[in-house]
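The next block holds one structure in the form of structure tokens; read it before the comments.
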Amino acid sequence: MKDVLERFLGYIKVDTQSSEESDTVPTTKTQLEFAKKLGEELKAIGLKDVSVDENGYVMATLESNIDKKVPTIGFIAHMDTSPDLSGTNINPRIVEKYDGQDIVLNKEKNIVLKINEFPEILEYKGQDIVVTDGNTLLGADDKAGIAEIITAMEYLINHPEIKHGTIKVGFTPDEEVGKGADHFDVKKFGADLAYTLDGGGIGELECETFNAAKAKVIIEGRNVHPGSAKNKMTNAVLVANKFINMLPENEVPERTEGYEGFFHLLSVKSEVETAELNYIIRDFDRKKFEERKEQIKEVGKKINEEYNKEIVCVKVEDQYYNMKEKIDEVKYVVDIAYDAMKAIDIEPILVPIRGGTDGSRLSFMGLPTPNLFAGGHNFHGRFEFVPVLSMEKAAELVVKIAELYANR
């Protein structure tokens, strides 16, 4: 599995950042270009039925080498990197045999990965770790996943003594902007179940995600010359502030954890005449999720009642649901991943995803898809890192899962 590092370092050289603003599919041309390169690589290692469609979805097949019928399994990762920080000119560095101290990422800018801020890195003392130069994200989310899947497929091709059923491979665009499953053709993919490799640290096995919605709040004010504004002006900036303060101050990402939900204010655009607030709403529990959506609408209603006119409009749109609802119906998909980890000396860590993956939506599209670790930490930022051994073990895990299904 040693090839996984070389692959990963090659993939992150390609800028595949997705865009919140774009209406194209995929949202950036570089993703489509990268998809074509991956398609060529999949053909080169010997996969069959390789396709790259106009939307940037890559699919391929590793044919079964056994006679009996077993479930067709899929392995999926996404090609885009987060818009939160630049993915251009990524300049990675390998910290060999990490010594357990702070890591200076960029001496000139005094950017330091500090162990008191990111203590999880101490779990990898003595290992080789890939870090950034402090100017960009790393792209382990999710190019580590891509490298692991392709490395595992090549290993299975080169080791026919390892028995496996039919395996499908899929790479998606635009996961980071919530569109990864928009044009995913589940029927064409042809798997009975799948796994995304889009998780964090080694051992993570995730079969629960948030229920997710987004809310856009439009506030219509009225501007009047401030010298004669009494009883006439409606300042949308102040109304926006009122709206923000009417939601629970402690139910925000920075004050919640585990199974706790939140309202997250993403952006504010405001002036006297008009204001716009953009929120995301998250909760694991479906009932609480529905209550949160009603709660944010109710804030708008109360403000409208106070002003005795419709100055606030709240539009809520569901994004994805907790995949646990669907995965519980085929629990063996989690059990096999759990057993596979144990078989290769990894302690499984069953944790809820405080976020979403392509698997969230795919599970509701008829393809149950829990999430496996890809190995990285601190995604979407300059402090992102990935231990080399974690990537190697993720590739080994893919092989072992395929083997266990063949032996069911």
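The backbone N, Cα and C atoms fix where each Cβ goes, glycine too.
Marked as Zn(2+) 1 binding site by Swiss-Prot on the basis of sequence analysis: HIS78, ASP141, ASP198. The Cβ of HIS78 (Zn(2+) 1 binding site) lies under 8 Å from the Cβ of ASP142, GLY145, PHE171, THR172, PRO173, ASP174, GLU175, GLU176, GLY180, THR196, ASP198, ASP358, each of which sits 6+ residues away along the same chain.
Taken from Swiss-Prot, the feature active site covers ASP80, and the record attributes it to sequence analysis. In the three-state DSSP assignment, the secondary structure recorded for ASP80 (active site) is coil.
With a 10 A radius on its CB, HIS380 (Zn(2+) 2 binding site) counts 15 other CB atoms from all the protein chains. Taken from Swiss-Prot, the feature Zn(2+) 2 binding site applies to ASP141, GLU176, HIS380, supported by sequence analysis.
The annotation active site, proton acceptor is assigned in Swiss-Prot to GLU175. Secondary structure from DSSP puts GLU175 (active site, proton acceptor) in a helix.
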As a whole number of Å, the Cα atom of ASP141 (Zn(2+) 1 binding site) is distant from the Cα atom of ASP80 (active site) by 8
In the three-state DSSP scheme, HIS380 (Zn(2+) 2 binding site) belongs to coil
Cβ-centroid neighbours of Zn(2+) 2 site ASP141, GLU176, HIS380, 8 Å, sequence order = THR81, SER82, ASP84, LEU137, ASP142, PHE379
